[in-house]
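Student: One structure is given below, represented as structure tokens, and several questions about it will come after.
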Amino acid sequence: MNFAQIILPLNLKGTFTYKVPEDLMEKIEVGMRVLIPFGGKKIYTGIVAELFDEFEDSFVPKEIINLLDSQPIVPKQQLEFWNWMSSYYLCNLGEIYRFAFPSSLKLESETYVRLLSERTIDWQNLDANETYLLQALEVRQMLNLQEIEAFIPKKEIIKTINALIDERYISVDEKITEKYKAKEIAYLRINNEELKIKNSLAEIISSLKNARKQQELFLLILDKETENPEKPIRKSEIFDEGNFNNSQLKSLIEKKLVQEYYLEKDRIDSYEGELEEIEQLTENQKLAVSEINKAFQEDKNVLLHGITSSGKTHIYLEKIEDCVNSEKNVLLLLPEIALTKQITIRLEKKYGKKLGFYHNKLTDFERVEVWRKIKKNELQILIGTRNSLFLPFENLGLIIVDEEHDSAYKSRDSNFFFNAKDSAMMLAEFYNSRMVLGSATPSLESYDLAMKDKIRYVPLNERFGNVDVPKFEIIDVKEAQSQKKIIGNFSQKMVDEINLQLEHKKQSIILHNRRGYANVIECETCGHVTYCSNCDVVMTYHKSANELKCHYCGHRAGKPTTCPSCHGANLNTKGVGVEQIEEETQKIFSEAEVDRMDVDAMRKKFAYEKLYEKLENGETDILVGTQMISKGLDFENIELVVIPKADALIYVQDFRAEERAYQLITQVAGRAGRVSGEGKILIQTYNPSHSIFELIKNQNVKEIYDYFLDERKKFLYPPFVKLIMIELKHRKEDKLNRASQFLGSVLRKYIPEECILGPEKSPIARINNLYQYQILLKFPKNKNYKIYKELLSKSLEEFDEITAYKSIKRDFLVDF
DNA sequence: AGCACGCCGACT
DNA sequence: GTCGGCGTGCTC
């Protein structure tokens, strides 16, 4: 093959054509990494997407510099997956490639400055920066731009370098450096060759009699080797045990008596304890497993709808075991790795070294190691967050998406938007493998698919050990207020119930899903509130840090003591945050140990681990927290969950607000009475007649989902339509406004009016100094979707023709 | 995404 | 007058 289409790690449309040099023609394959020149002098690592022979175009392709792999590093299923993602989520292949790969696998050239020796330096005629740079280069012959930044201001670097190039003192070069380095550990061994030559051990030992320490060291190593010939002797271990120094060791090495050697070590320690068998299933669980098996035989994927603590994990384990037994691999997706200890511990004990983890907390080198192990098929089971969808699986047989409703699967930590749950379904298809979605509160979309038997619905309605489900009670705040039975944000009833738990040494959870102490600090005199300087939002008051924070850009400001506008001293807080609820709780239950769990409290190192311990040991009596507390806290001693301000969960302007409220409340409720079956949930609201509370209270799945489906049908939301949100952003509002209007008009030229909403200002009109506009597309779900999507692409091409609008940043949120 | 080229404001 | 700002265009 003479030519190749290459995916570059850049946010550019499509692929680029390169010529395959003669000597690589035999070796090159689709999915390999190649080194290619691009632009002026930059060198990037690209991926071979396609190979072909005929090439006819006006430009002359450059040549591939080299191959980086002897075998494809991206399996063809992954390439298919990338292509699908690119067209479905309207993003460039290069962005996907960049997101998919650990950066150490993407070599990139770096610009270096080098000292030329052809001219003697005339130090008199140099300015300060030039002098610094040349002096630095006399010490170290090569420097990269970052290193230079340390002693020359950023904006003066280019000038300085150019001046010195003109004087022919220096030159610039591009250099590629291998980033990944295996971690190596030093070991020692007796040099047996030498021993054979010398013929006598005693002779050697006596030869060292004038160097007592060396003799001692030699004997120690010899001792260890005889003791256990199989076990390598770590250098650090020797130095730990005896009082030796490096020069003594060096002498022994010079005398060829001892050898030092290195072995590569995994950065990730895998479990090496005893392996355990998995537990027996209950009758109910066995039934669910056989349902799943039946579905798989019919080539159907599964939605496992198991109520909280029904033992979905057991069923996963069973299916994982089946898959592993048939020599195939498993991917288990979790929303966040840190909050799901239980499941990982159990799997570790069953599979030990065959289990791998992949998530955002790993360092880049650790990612590379997992990547390689997956590639070499050393891991049979991978537990990971959504970025593990891109690992180079070879033989995937099963994908499990746990807590499939979780919004973390749609998190926006990548440049492009994608839903990991839906993507997993496609990935499963490309690998011809099966998939299980699991949740106690499935997303409406998955539930709808299941009802239509597009995926098989497998319910699991019994709590493990046949324990009772928690009981819900709705408390009318208005009524409590009129009867004067209210203390701050808590009704008397709520306080009594918590006291009851404290008496019985049981733990309680208080859910309040709003960060900070108060939503805003307001001046009573003039009404002034502090806005974030970068965003169009008011700043939230955090009492624990005693500062104002912007939850959108992270900007922080000191807490004002007087009004910044009228200098009045009458400042008041508005809107209750979780810190305030915590403070109030501590006041009311002064004897109790109260802890708070939210992103702010968990930011400190090991904060989560410490809190987890406290909860497990029963030291914490009352846990106050945001939605974070709905995940992973499976403790036996929690029996009460209270939600003092449940209305805040519902009146959010988002068509999914009620669905989320239902999921959150049900998930938190599931923490209560897991063993005793005495779980109790108290929900305080001003609107006890709101249907959502009635539905949550009854926990009748069909009723709840029918209600949601009705609402969505009425107002045309998913799953009845497909949504695409176009976000447009720019620093200049007028330009953005013009561009948005233009895009709106182009879209309306091709696509029916009723499918297009906007453009309009986003609810938060400015984030991080970027103004935000949005256009919402509601496309039909039938065959027309594809047609409309093509019309959208056509509109975008037309929009792109206006060069002035190229600087407008656009994001597409497909199925957001 | 980077990098070069080209046209307008604030400084020696 | 120049230096340096960023708006624009291009990269196989």
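Count begins at 1; order follows the chain as displayed.
Note that Cβ sites are derived from N, Cα and C of the backbone, with glycine treated the same way.
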Student: What range among A:268-298, A:392-422, A:454-484, A:609-639 does TrEMBL describe as coiled coil?
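Tutor: Within the set A:268-298, A:392-422, A:454-484, A:609-639, TrEMBL attaches coiled coil to A:268-298.
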Student: I'd like to know which of these binding-site residues, A:Cys523, A:Cys550, A:Cys566, is least surrounded, judged by other CB atoms within 10 A.
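Tutor: With the binding-site residues A:Cys523, A:Cys550, A:Cys566, fewest surrounding Cβ atoms within 10 Å: A:Cys566.
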Student: Cα-Cα, whole number of Å: A:Cys550 (Zn(2+) 2 binding site) versus A:Cys566 (Zn(2+) 1 binding site)?
Tutor: 23
Student: Between A:Cys535 (Zn(2+) 2 binding site) and A:Cys563 (Zn(2+) 1 binding site), what C-alpha distance do you get in Å?
Tutor: 20
Student: Check the binding-site residues A:Cys526, A:Cys532, A:Cys535, A:Cys563 for other C-beta atoms within 10 angstroms of each C-beta and report the one with the most.
Tutor: A:Cys532
Student: Long-range same-chain neighbours of A:Cys553 (Zn(2+) 2 binding site), Cβ under 8 Å, sequence gap at least 6?
Tutor: A:Cys532, A:Asn534, A:Cys535, A:Ile767, A:Asn768
Student: Starting from the Cβ centroid of A:Cys523, A:Cys526, A:Cys563, A:Cys566, the recorded Zn(2+) 1 site, name every other residue in that chain with its Cβ within 8 Å, sequence order please.
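Tutor: Leaving out the recorded residues gives A:Glu524, A:Thr525, A:Gly527, A:His528, A:Pro564, A:Ser565, A:His567, A:Gly568, A:Asn570.
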Student: Could you name the residues, excluding A:Cys532, A:Cys535, A:Cys550, A:Cys553, of the same chain that surround the Zn(2+) 2 site, i.e. Cβ within 8 Å of the Cβ centre of those residues, in sequence order?
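Tutor: Here the non-site neighbours turn out to be A:Ser533, A:Asn534, A:Val537, A:Met539, A:His551, A:Tyr552, A:Gly554, A:His555, A:Ile767, A:Asn768.
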Student: Going by DSSP, is A:Cys550 (Zn(2+) 2 binding site) part of a helix, a strand, or coil?
Tutor: coil
